[in-house]
Amino acid sequence: MTERTDDQRPSEQSAETVTSEEARVLHFPSQRLDGTDAESGEVLEGELVEPTQVDQPEKRQPGTELVRSEKRQPILPAWAKSTQEFRDTARWALGYAGHTIAFHAVRCPVYIARVLARVPQGSLRLIGGLVAWLTDAEGRPVRGASARREDASEYLKLSIQRDHRVRTRAVMAIGLGAAGITAFLVGRAMLPEIVQWSIVAGAVGALGWLGAPADKPIASRAVEATKVPKLTSDAVTRALSSLGISQINQAVGKGGEGIGFPKPISRDGKGWRADVDLPYGVTAGDIMDRREKLASGLRRPLGCVWPEADNSEHAGRMVLWVGDQDMRKAKQPAWALRSGKQVDLFQPQPFGTDQRGRWVDLRLMFTSVAIGAIPRMGKTFALRELLLIAALDPRAELHTYDLKGTGDLDPLEKVTHVHGVGDDEDEIEKGVADLRGLREELRRRAKLIRDLAKQGMAPENKVTPDLASKKSLKLHPIVIGVDECQVWFEHEEYGEELAGICTDLVKRGPALGIILILATQRPDAKSLPTGISANVSTRFCLKVQGQTENDMVLGTSKYKQGVRATTFAWADKGIGYLVGEGSDAQIVRTVAGLDGPASEKVAAYARALREKAGTLSGHAIGEALQVEESTRRDTLLEDILAVVPETEKKVWNERVIARLYELRPDVYETYREAADLTAALKRHGIRTGQVWGTTDDGKGANRIGIVRADIAKTVTERDSEREAS
């Protein structure tokens, strides 16, 4: 048998793929498939082929490319560049110092009494200490031990040492005593009386301090410090290991790669921040779903633990912020608008605070807002706060609808132009009439902005602060707030029309100065139509129950991206995710304590601002919205039967619209195209279709039209149902 050489190794003979039988031959050259001996075969010579190296060594980059690709850390931390945080810190320091000084100043008489009461004990301790020092009392135990061992030589050495110390210390004591008496006599003769009394007071104070028990200090604590445990990598790793995620358990187990911390754990505001690289296959969303268990692993209250995804990095990068205090219990900084400060809706205004206690601003202009949550989580409070912010701009015209009917928006009655409460039919009709008017206002503004843009007054084809301030143009901000908006959109008769108008306001309104704010406790496709949820630009979602509701409010795929309002606890009232202001979603707590009475005060300030500016109107001054009879009772079908005689079996939509306009111009002026009539009839369950007709010049054609018999049948059935009920 020939000896196998290194050059004949299978892995180096060929880079081509071989079959299993060929592989067996290569691995065992002495056993041929045909049974022949390997020695009788022909020796083949091949070329060595180096296998391709998958992981190539990193190439060194030139200096300029290296500089451009490296990510530089900021020179100053974020808190050092925040004016608000600097002010808060300075305010806290001054308040702390003032409180401490006042606390101890009030208790000075008590402190003096305590000092005087402890002077005798302090004097005894001082004398006892001097005697012990003079007699070398500290060496007595050692000498006693040598005596018990009957070690004469050691005891003799210790006695000589003790005698030397006593003599030396006696001389020092006599010298210090003489110096002290001399200083006392000289000071008594030469020092001012106030200095002498100061020395006496200091001596008495020292004796009192010396006589105070260790567990009973003279001065009481002005502030009881709360000990907050420091966040460490071990604590984070231990907490993550308790979540029951297999990849994490493997990573922290024996031989695992562990948990990565790309940055040091540091203080961030009123808490600790840890940047964590999770094991492969684990995302920040997996941790957020287990927030309650994570808080248990960290031994911290649930409201202190806030894991977030770091969208600027990879999907496995998590930012864990652990606050010193529960977010819902932490004292919130004072809301700047509580005292009735006039605002400009074109500028961002404080809406709430994040976990770190910093204010998060929200600009209402050029946006539309959707608010969603399960009941009793603070949805209506958030809506009312936004409306109060709008009310503090005297230019803004408010339209408020409390479809829940509990009066939560009643504080705004002082300033609102239109105010609706409840889901009664009259209130629904009021909303329909109001929105129809707003749709016409939208069209008027669109034409006006187009004309102003041609004149160079609206360079971006939208309302500007200057245009909004000109009363003659009537381009002031209009803010519509609707609580429990699903009542509108689910209405059997007007739901589709209201949804269509609101969709139009959401799409075109922001640029024209019309802001729509919708709040619902059931964020689904019917309660928040897709046309609205897909186009609303600012979203605030408090606690919801599932992924569908989460994405309906916050936007498609937000749940997969780790923005999950499902992780909020029942106790996290007023806390939600805000999407729209800034690049990433933010956890925001709305203004605390802004209840009914507090809202009344803010609304009173807003009314005073409007009285001064002369912008009060509508409901605020006792004017009721005029609802036409045609709106109170939809007479579309009856009007069609009136303008289409029985002799006309089928009629084009465009001819029906023209006749309806002649009958009621004020009602049917918005019907411009055949599609408008089709949409209106659809609400009654009537479909239009292709209808043969004749033009004015006698030519026949097929166009969208109605069948009169369908209209008559629907009216008859409806009247029969009413009579039966």
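Quick reminder: no glycine exception, Cβ is built from N, Cα and C everywhere.
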Ask   = For which of the residue intervals 170-188, 189-207 does TrEMBL record transmembrane segment?
value = 170-188
Query = Tell me which residues of the chain lie with their Cβ under 8 angstroms from that of Ile374 (ATP binding site), as long as they are six or more apart in sequence?
reply = Gln521, Leu542, Lys543, Val544, Gln545
Message = Quiz question: given the binding-site residues Ala373, Met377, which has the greatest number of C-beta atoms lying within 10 angstroms of its own C-beta?
response = Ala373
Inquiry  = Please give me the CB contact count at 10 A for Lys379 (ATP binding site), counting all chains in the structure.
reply    = 27
Residue with minimal Cβ packing [other Cβ atoms within 10 Å] among the binding-site residues Pro375, Gly378 = Pro375
Message = Should anything in the same chain at least six residues away from the transmembrane segment (170-188) have a Cβ under 8 Å from its Cβ atoms, list it; otherwise answer none.
response = 130, 134, 195-196, 199
Inquiry  = Cβ neighbours within 10 Å, counted over all protein chains: which one of the binding-site residues Arg376, Thr380 has the most?
reply    = Thr380
Inquiry  = Suppose the ATP site is Ala373, Ile374, Pro375, Arg376, Met377, Gly378, Lys379, Thr380. Which further residues of the same chain have a Cβ inside 8 angstroms of that site's Cβ centroid?
reply    = Gln521, Leu542, Lys543, Lys573
